[in-house]
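Trainee: One structure, pasted below without further comment.
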Amino acid sequence: MSIKSEEISALIKQQLESYQTELSVAETGTVTYVGDGIARAHGLDNALQGELLEFSNGVYGMVQNLESNDVGIVVLGDFDGIREGDTVKRTGRIMEVPVGDAMIGRVVNPLGQPVDGLGEIKTTNTRPIEHKAPGIMQRQSVSEPLQTGIKAIDALVPIGRGQRELIIGDRKTGKTSVAIDAILNQKDQDMICVYVAIGQKDSTVRAQVETLKKLGAMDYTIVVTAGPAEPAPLLYLAPYAGAAMGEEFMMNGKHVLIVYDDLSKQATAYRELSLILRRPPGREAYPGDVFYLHSRLLERAAKLSDELGGGSMTALPIIETQAGDISAYIPTNVISITDGQIFLDSDSFYSGVRPAIDAGASVSRVGGDAQIKAMKSVAGTLRLDLASYRELESFSQFGSDLDAATQAKLNRGQRIVEVLKQPVHSPLKVEEQVMILYALTNGYLDKVAVDDIARYQSELFEFIHASHQDLFDTILATKKLPEADKMNGALDAFAEQFQPTAAK
């Protein structure tokens, strides 16, 4: 077989014509130090603050410190495979997480990767985790109520859509339960909920997810979790990832409720990172920008103007206090950023008052504008009555004779405390709350024994649903109280058939 030189030259020409020179250009640096969730690299002179970098083993990092001869990097994943001398390259991107409807019902880590064993999340939409908060003209005032289903909150410290309301208290006082109940009450309210668990035990998060699943709340909830075994950078980034996922829905005109459980652990993780990066420590060894850490996160919660779709994101950050000290550094920072706080008192909790909300120390600075008129009219004097009861309660313990007016205040106060008690994971509809609070403030419970009040409430709801459903419908439709004659007539009719425990 003869080889023709023409064919060989034609093949060579063809290959030369199809040959393309593609240059792969990347700015790279060399790792000079790695350990404790951070790395340092030399040679990345043009790296930007917050830029994603890729290590030679595929793990990503984020630029935190820009110094004259190297950059400080937080490692977003397992840093065991990174060695001194490894190559690290710029990506030109900032950190983004997947967003959209595909995230609903899933449990993910702060990088948006699923950790629930239900397969990959099919979405192409992403959003940067750091995003500028809406400006003044892009917002509108809080005007719609966000019902938590908890009587003590909806009556005394109401929350509006777009508000930031802090839940603060010692460990084991029911902070998470209050937030989970608020999520459960958003069923059929056209709300998307995001629960961000920061440094919570995996077993605890699993229990919360099971509760949400069992009660049908995972149909509208995203869970973002960074456990205590995760590197500190992931605990630091978790709230921002959750905020980005919620913002996507807010920008599309939807309403979002986001819970950060809890920001104390995020501040601790950020302190750890800052100290390892050799940033100068300040009060309680926190870095100087720890206020900005939380303010830039919580300012992203907003009620957007109608021109931008009128969506909202309501934030419920949680802060854990030590021995009830709300004057510590992180608690005072977050109190000053938020629009009010719900203070949970350990003494009340252990004496059986649950939820253990301290009405005196709790406040809502904007939610009152969003409260429905029916709730406003029945809850108006409640806080004052409760405060005077707490004051008189301490005097009455001395056992001195009390006049009739003081005794009446004490009796009413005991019934207020009893009515505001509520079992966990059993939120009430707003019309039911209005009905029992109307009965309370109009004296219908004054003759009911304190031990009978829980039964009185449940039987009253059954009676109204069966015989006077129109009252509930009126409250829901008009947001106002029905005529007093109708309300009093229904409560008088129920009082005739209600039997005290002793009479049974």
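Glycine is treated like the rest: Cβ placed from N, Cα and C.
As annotated in Swiss-Prot:
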BINDING   Gly169, Asp170, Arg171, Lys172, Thr173, Gly174, Lys175, Thr176  ATP binding site
SITE      Ser362  site 'Required for activity'
Trainee: Where does Ser362 (site 'Required for activity') sit in DSSP terms: helix, strand, or coil?
Mentor: coil
Trainee: Just to confirm: which same-chain residues, 6+ apart in sequence, have a Cβ under 8 Å from the Cβ of Gly174 (ATP binding site)?
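Mentor: Gly174 (ATP binding site) has long-range Cβ partners Leu344, Phe349, Arg354, Pro355, Ala356, Val424.
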Trainee: Do me a favour and check the Cα-Cα span between Gly169 (ATP binding site) and Ser362 (site 'Required for activity'); whole Å is fine.
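Mentor: So the alpha carbons of Gly169 (ATP binding site) and Ser362 (site 'Required for activity') sit roughly 11 Å from each other.
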Trainee: If one measures from the C-alpha of Asp170 (ATP binding site) to the C-alpha of Ser362 (site 'Required for activity'), what distance in angstrom results, rounded to a whole number?
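Mentor: So the Cα of Ser362 (site 'Required for activity') lies 14 Å away from that of Asp170 (ATP binding site).
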Trainee: Please report the DSSP secondary structure of Thr176 (ATP binding site), reduced to three states.
Mentor: helix
Trainee: Radius 10 Å, atoms counted are CB only; among the recorded positions Thr173, Thr176, Ser362, which position scores highest?
Mentor: Thr173
Trainee: Three-state secondary structure of Gly169 (ATP binding site) from DSSP?
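Mentor: Gly169 (ATP binding site) sits in a strand per DSSP.
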Trainee: My understanding is the cutoff is Cβ-Cβ under 8 Å with a sequence separation of 6 or more in the same chain; which residues meet that for Arg171 (ATP binding site)?
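Mentor: Expected: Glu320.
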Trainee: Including all protein chains displayed, how many Cβ atoms other than that of Lys175 (ATP binding site) lie within 10 Å of its Cβ?
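Mentor: There are 25 such Cβ atoms around Lys175 (ATP binding site).
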Trainee: Between Lys175 (ATP binding site) and Ser362 (site 'Required for activity'), how many Å separate their Cα atoms?
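Mentor: Spelling it out, the Cα of Lys175 (ATP binding site) and the Cα of Ser362 (site 'Required for activity') are 13 Å apart.
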Trainee: Would you say which of the binding-site residues Gly169, Asp170, Lys172 has the most Cβ atoms within 10 Å of its own Cβ?
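Mentor: Of the binding-site residues Gly169, Asp170, Lys172, the most buried by Cβ count within 10 Å is Gly169.
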Trainee: Specify all same-chain residues, apart from the site residues Gly169, Asp170, Arg171, Lys172, Thr173, Gly174, Lys175, Thr176, whose Cβ lies within 8 angstroms of the center of the Cβ atoms of the ATP site, ordered by sequence.
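Mentor: Leaving out the recorded residues gives Glu320, Leu344, Ser346, Phe349.
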